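Asks: Just dropping this structure here.
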Amino acid sequence: MASPSKRREMDMMKLMMSDYKVDTINDDVHMFYVTFHGPTDSLYEGGVWKIKVELPDAYPYKSPSVGFVNKIYHPNVDESSGAVCLDVINQTWSPMFDLINVFESFLPQLLLYPNPSDPFNGEAASLLMRDRPAYDLKVKEYCKRYAKPEDIGAPEEISSDDDDDDSMSERGSDSDNDEIAGKADP
């Protein structure tokens with residue numbers, strides 16, 4: 001088996017070559033963002049989330065940490081931090097899994113089959129158990145309010161401090177005439 005660092009790089013490359021948009025943070029393969037679309041035929045269909053992924057040094061022997069950056073209403077996702085309570089990721093992770101599994105299986109399954117008996121969001125769990133139509137409505141409301149493509153703009157950590165230099169070099173001269181303005185002193 002490849003070393004953890006090689007495996008991390010290989011899994012990251014597979015994810016980048018898939019249909020997922022991946023934004024690295026300062027070219028670090030330990031922490032990055034992935035654009036995730038809600039599963040088809042679910043309450044979350046049409047929603048777009050930015051998922052923050054952190055890979056521990058011991059990855060793939062230790063599970064990745066996964067969290068929603070923009071808000072989502074779900075019993076197993078902490079509303080304020082976006083942390084995911086996902087047994088497969090947190091407890092039963094195996095080195096046989098990779099990052100593609102997280103985005104093609106684990107997260108879609110989480111959204112399709114919420115577990116209100118193990119909540120990170122007690123209000124969502126309670127609403128799901130006592131009033132499913134109201135829960136469904138609130139999920140759809142959150143999707144419309146917080147999970148639009150414009151809600152997942154580029155992360156702040158990626159922006160560089162070179163913006164001023166770029167804007168200066170792009171300005172150039174307003175004049176087509178390269179003559180010196182005025183006369184030189186004698």
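One-based numbering along the chain as shown.
Including glycine, each Cβ sits where the backbone N, Cα and C put it.
TrEMBL lists Cys85 with the feature active site, glycyl thioester intermediate. The annotation compositional bias 'Acidic residues' is assigned in TrEMBL to 158-167. Feature annotation from TrEMBL assigns compositional bias 'Basic and acidic residues' to 168-186. Annotated domain 'UBC core' per TrEMBL: 1-148, in sequence order. Residues annotated as region 'Disordered' in TrEMBL: 148-186.
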Asks: Can you check how the pLDDT averages out over the domain 'UBC core' (1-148)?
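Replies: 91, rounded to a whole number.
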Asks: Given a separation of at least six residues and a C-beta threshold under 8 Å, show me what packs close to the residue listed as 'active site, glycyl thioester intermediate' in the same chain.
Replies: Asn76, Val77, Asp78, Asp118, Pro119, Phe120
Asks: Treating G and I as helix alongside H, and B as strand alongside E, what does DSSP give for the domain 'UBC core' (1-148) in helix, strand and coil?
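Replies: Tallied per class, the domain 'UBC core' (1-148) gives 56 helix, 28 strand, 64 coil.
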